[in-house]
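Q: The structure that follows is given in the form of structure tokens.
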């Protein structure tokens, strides 16, 4: 069922489309055409303002759309009065609003922003590629793996929290995993974290076999006392009894900028 906002937005787009069509085929006079071309951005601004009010006071989820429409319509109006040059086809220049949106979400949300994908979302498969494509024995893209995009902090340190296959693509945030407090199933569990900027710390039990493949383009790596820092850092660690063990962790880390530390407890 369509929401009220969706219906209003559909009406606005249909109206603008019909008006532009009539202008192009010459049905509308030049005077009406000039009036419409000058003032149609007002409709965009008003609709963006309505969405922003709904978001702030009625807990609707339309923050990004409201910011985009307000900025887009506002720039079109400023163009009309001659202060700047901004045309309808230049909407792509507003992509920095995504950064503004993510920043605002970090301020208003205590929990990390998460976008979940199921196996049907094949267009995002390239985001969740493995660190080492030759490692074919691990099914990172299987439907048993929880796959999320995060913005913000993630803490997994509650008593008896359940470890399950996880693939995370991080934009920016801090991550803390305490596997000494976790329930770890009797099998190989794959944990993959990739992203842009992250500060990550993991604690693993002394008796738990692990395999770690870590890569940070700029930053610091410390994997059980093995360190690397600067640019183009890579570290690999594998417990001696990893292949024979049934209960174990396969950890893959790939960051653009980050500080990674894994310790035994």
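Sequential numbering from 1, following the chain as shown.
A Cβ is built for glycine as well, from the same backbone N, Cα and C atoms used for every other residue.
Heads up, TrEMBL stuff is auto-annotated, nobody curated it.
Because the structure is a prediction, the values reported are computed rather than measured.
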Q: Looking at the ranges 34-53, 114-133, which is given as transmembrane segment in TrEMBL?
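A: Comparing 34-53, 114-133 with TrEMBL, transmembrane segment matches 34-53.
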Q: When the domain 'Cell wall-active antibiotics response LiaF-like C-terminal' (151-262) is classified with DSSP, how many of its residues are helical, how many are strand and how many are coil?
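A: Secondary-structure composition of the domain 'Cell wall-active antibiotics response LiaF-like C-terminal' (151-262): 3 helix, 80 strand, 29 coil.
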